[in-house]
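These notes concern the structure reproduced below.
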Amino acid sequence: MADIDLKTAPADFRFPTTNQTRHCFTRYIEFHRCIAAKGEESGDCEKFSKYYRSLCPGEWVDKWNEQRESGTFPGPL
């Protein structure tokens with residue numbers, strides 16, 4: 001059986017406290033900005049995907065995805 005390497009987002013000096021809500025939101029936005037700039041086929045954005053997926057609750061991501069699709073997402077994409 002193959003070993004599974006579990007990692008989370010690296011420490012980010014912009015988010016020094018234990019509350020990672022803002023960190024999660026920022027990584028989600030960074031991922032979608034990267035996709036918009038480089039395209040969905042670019043592997044350069046994969047790290048941001050891993051970061052926000054490890055930090056953000058799935059319910060938040062589902063809601064943000066719905067908001068992006070409907071044009072009501074509150075963040076700067």
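Here the Cβ of each residue, glycine as well, is placed from N, Cα and C on the backbone.
Straight from TrEMBL, the features:
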- C24-C56: disulfide bond (DISULFID)
- C34-C45: disulfide bond (DISULFID)
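Put simply, C56 (disulfide bond) is 17 Å from C45 (disulfide bond) when counted between their Cα atoms. Rounded to a whole number, the C-alpha distance linking C56 (disulfide bond) with C34 (disulfide bond) is 18 angstrom. In sequence order, Y52, L55, C56, W60 are the residues of the chain that are 6 or more apart from C24 (disulfide bond) and have a CB within less than 8 Å of its CB. Listed in sequence order, S42, D44, C45, F48 are the same-chain residues six or more apart from C34 (disulfide bond) with CB atoms under 8 A from its CB.
Here the Cβ of C56 (disulfide bond) has 20 other Cβ atoms within 10 Å, regardless of which shown protein chain they belong to. The 10 Å shell around the Cβ of C45 (disulfide bond) contains 20 further Cβ atoms across the protein chains shown.
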